[in-house]
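Encoded as structure tokens, the structure appears first; notes follow it.
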Amino acid sequence: MGRKERDKKKSKKRHYEDEEEEEDDAPGKESQEAVPSAAGKQVEDSGAKLDEYGAKDYRLQMPLKADNASRPLWVAPDGHIFLEAFSPVYKYAQDFLVAIAEPVCRPTHIHEYKLTAYSLYAAVSVGLQTSDITEYLQKLSKTGVPEGIIQFIKLCTVSYGKVKLVLKRNRYFVESTHPDVIQQLLQDHVIKDCRLRNAEGEETELITETFTSKSAISKSSESGFGPSTSQEADVQNKPDVPADLYEFYEQMDKDEEEEEETQTVSFEVKQEMIEELQKRCIHLDYPLLAEYDFRNDSVNPDINIDLKPTAVLRPYQEKSLRKMFGNGRARSGVIVLPCGAGKSLVGVTAACTVRKRCLVLGNSAVSVEQWKAQFKMWSTIDDSQICRFTSDAKDKPIDCSIAISTYSMLGHTTKRSWEAERVMEWLKSREWGLMILDEVHTIPAKMFRRVLTIVQAHCKLELTATLVREDDKIVDLNFLIGPKLYEANWMELQNSGYIAKVQCAEVWCPMSPEFYREYVAIKTKKRILLYTMNPNKFRACQFLIKFHERRNDKIIVFADNVFALKEYAIRLGKPYIYGPTAQGERMQILQNFKHNPKINTIFISKVGDTSFDLPEANVLIQISSHGGSRRQEAQRLGRVLRAKKGMVAEEYNAFFYSLVSQDTQEMAYSTKRQRFLVDQGYSFKVITKLAGMEEEELSFSSKEEQQQLLQKVLQASDLDAEEEVVAGEYGSKSVQMSRRTGTMSSMSGADDAVYMEYHSSRSKASSNKHIHPLLSASGNDVLHVCVL
């Protein structure tokens, strides 16, 4: 066996602890059918020369313009775009780049973006033309845009966004503003079969009509949209700004309040052949954009729902919704906002705008309860119109307008109870106007496909904070849901006071010698337990809890490992929540944490990674985590990101501590986990010594206490060392089969058996008692043999 093969096997073996697992089948034919061939294309960069240091030399391909200092972009031949955040036209350029490219890294002064096939698909879906994209890049770039980039943009946008599947008056139409594209599609025999025919068997005529588009979301006069938060007058007063940039933003992002007339050509298709039509169009590289003309849908009844007068949208929330409803119809797609930035209000506003039956899917029962609370808080919907469908709460769905459930309930494949089966039949039989998908990137792509086949919705809106997955299924989900409609900049929201200003810190905790000796010797999963239960980590956690409780802060401590979670919480006398905790007990602990001044610290396992709404929390301490998962790190930071009352924007008002045992695998994982947040502009402060820790009275101060803890950890089974598996929630590994390595004693069930010998001298009081001759022969020393 070659070295490469051995390394490959080794990497597969260790995959469970290195990256976040997304359980899914190998991508087969069905998986590929949902993704256009152009989606996998990358920018080709073969002409760059490398210097002696390995850096790429682009001077020949990127000649500088004479006024390059006034322009904010560098467009590299490999598809990477660099934006100067200190440019006077930064706001204009940033809005354009968010529309056409994926953010890679956004620190303080220079932002990096990358052109991808999917980002360009998203750009054309919101109305940008190929010529617009290339023209604006040329205007904003300090250099000439490389020819390879121009060709890549043309290749990816030549067919994307040109054809739409529109639902009008409960009839499906394939619509386009390009008559030649419609004619090209109709030449295909499969699409010709999907076309609706009249009673005589003849094809229905092509429909030519003038479509008047007007945004369904009215533009707020106070929100200061247009060029985001920058002032247009200030830009025009700058003498170093080129004249051709003045009208740039107005051209790129037209004011959608003005009515615009567009001539379209369309033909009607058979409803029962929609799925086949979509697959065929993707095969022809003309993916259908789903748009829902909800205003003209007379078949599905309007529901009685409006926003309350107290619900005021923030500028970025309003902008994201204008991207969704920009042409008077509802576009399917993804809105990316940080945790705590008000994603729920965006979802409720979308439901109030469409005013058709709405299905909301979350990833836990707690998420369902919180979505119900959000609808009652922000909208005028009557409580009787909201129906929950979880394992604990199955409301009667009679005449219900808003249904809220979890992915696991809908994707459940085994036998259901009679009551659950009736609710599922009701969900399947309804025609849903809007489906809100909360953090759908946390579930496997295969499960999401199953959910899509069970319930049909005219418009799908995904709300997420982290558009990342550790597997390669991100493209599948992107094309199944729709394009990215809007993505916010975390640092801008923080500087504006919309989310908390967080101090992130990585606290290095030295391993005690006894624990480290065992850590080096043991090769099983118990290593994870050893660095999690490190006494110095426990002391650091206890010190931070005491320090912040004296400041009247509200603290959440996260631990993926249940053994560690219980040990920490019970020893410190704090309440804890994990998978088996009953729903009623969970809600009671959370309510006490929110309102009881005596309960300032709670311990939570990975069940609290998403959908736990705890706006009062302002300190988060992480003692164990899921390998190198970037998404989990961002989701956990989100628990303390909600804006704090009476906050001062210049000062840190929230704290995120990640406790890491030094010289262990945990340090490598920690670096990987921080990648996403560092790319958003956050910086992690490394703390090697906590000031004042020596003066505190903390647990495990003596060697004897540490030795007792070590014995307890060594007596734990391999199962105790594994992370929690949350039953009934996708995104967790299903417990069907597991393979573990261990000793023969462990496999034979003798994990808890410890052989101990110790000698003790008999006291005078006991010397008079009758002793068996076998023991009396040994004199005063008695040998005690104990098997635990």
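The backbone N, Cα and C atoms fix where each Cβ goes, and this holds for glycine too.
If you look up Swiss-Prot, you'll see 1-14 marked as compositional bias 'Basic residues'. Swiss-Prot lists 1-46 with the feature region 'Disordered'. Look at Swiss-Prot and you will find 3-15 tagged as motif 'Nuclear localization signal', backed by sequence analysis. Per Swiss-Prot, the feature domain 'Helicase ATP-binding' maps to 324-485; the stated evidence is sequence analysis. Under the heading ATP binding site, Swiss-Prot lists Leu337, Pro338, Cys339, Gly340, Ala341, Gly342, Lys343, Ser344, citing sequence analysis as support. What Swiss-Prot lists as motif 'DEVH box' is 438-441. The annotation domain 'Helicase C-terminal' is assigned in Swiss-Prot to 539-699.
In the three-state DSSP assignment, the secondary structure recorded for Gly342 (ATP binding site) is coil. Using the Cβ center of Leu337, Pro338, Cys339, Gly340, Ala341, Gly342, Lys343, Ser344 for ATP, the list of other same-chain residues with Cβ within 8 Å runs, in sequence order, Ala465, Ile499, Gly638, Leu641. Residues near Gly342 (ATP binding site) in space but far in sequence (CB under 8 A, at least 6 apart, same chain), listed by position: Arg314, Gln317, Tyr498. Using a 10 Å radius centred on the Cβ of Cys339 (ATP binding site) and all shown protein chains, the other Cβ atoms total 22. Counted within 10 Å of its Cβ, the other Cβ atoms near Ser344 (ATP binding site) come to 22, all protein chains included. Using a 10 Å radius centred on the Cβ of Ala341 (ATP binding site) and all shown protein chains, the other Cβ atoms total 24.
There are 22 other Cβ atoms within 10 Å of the Cβ belonging to Gly340 (ATP binding site). If you average pLDDT over the motif 'Nuclear localization signal' (3-15) in this model, you get 46. Per DSSP, the secondary structure of the motif 'DEVH box' (438-441) breaks down as 2 helix, 1 strand, 1 coil.
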